[in-house]
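Copied over from TrEMBL:
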- 1-10: compositional bias 'Polar residues' (COMPBIAS)
- 11-33: compositional bias 'Basic and acidic residues' (COMPBIAS)
- 181-243: domain 'T-SNARE coiled-coil homology' (DOMAIN)
- 1-42: region 'Disordered' (REGION)
- 102-121: region 'Disordered' (REGION)
- 254-276: transmembrane segment (TRANSMEM)
Amino acid sequence: MSQWSGQYRTGQDRTGQDRPGKDRTDMYGKAESYRPVPRDFNPVIQTCSSNIQKITQNTAQIKSLVNQLGTSQDTCELQDRLQQIQHYTNQLAKETNKHLKELGSIPLPPSPSEQRQQKIQRDRLMNDFSSALNNFQSIQRRAAEKEKESVARARAGSRLSEDWGQMTTQTEEVAITEEDLELIKERETNIRQLESDILDVNQIFKDLAVMIHDQGEMIDSIEANVENAEVHVERGTEQLQRASYYQQKSRKKMCILAMVCSIVLVILGIIIWQAAAGK
């Protein structure tokens, strides 16, 4: 029997039944259920931030498991743990991508300052998500490479077993070969799942690029509206200044007119008084 197949008999029985233990979903962080109905901005931001943190934590665990591939600790149990956490983290990334798209359907606040604040939060969130995805995809690729190396070693080990089987009974040789082939088949299934999940992450990167481009156009529109508002404010200020100037000028004219009227009345009063005194 090959050494490679012997290592994998310790982790899981060949019936394929699940081993008892905690739910992997709870251990590695389950993706939030996606709701297509627009929600408030802050709860969506908080959900995305929490998911990104879980992705980062899970990636660190995946890296630790990948480092054990091809060693004496490489068992069926380790393979199962790696597959579970990798797949759930991939689902978490897909759900986070949906939530980020949801942000685009949430109406903008009326205040330009609030719009700018939301832009800052979105930009920071997308940068964090992109960084977490880069690390996750990098360790996915590494896991796929090590899985392929293990399959290559297993095939080589199977051929050695066939040579050794010539010195044993034919029945024993067939049994060994079938077990090795079954283990190789499981490995290849894991590799296909990894490659499929890597393609999912590639699509998320494309979606992120589109969202960043669309948000850039939206921010340009916001800035244009802010500039227009500033122009209107400046024009309004100029009009107020002109109105104040004309108002002051009008008051001066009224004061001068009142003084002239007062002088005329005084002169008329003096004339009337002198005429009355002469009589």
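Even glycines carry a Cβ here, placed using N, Cα and C.
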* Structure fact -> Using DSSP three-state counts, the residues of the region 'Disordered' (102-121) come to 12 helix, 0 strand, 8 coil
* If you average the pLDDT over the domain 'T-SNARE coiled-coil homology' (181-243), what number do you get? -> 70
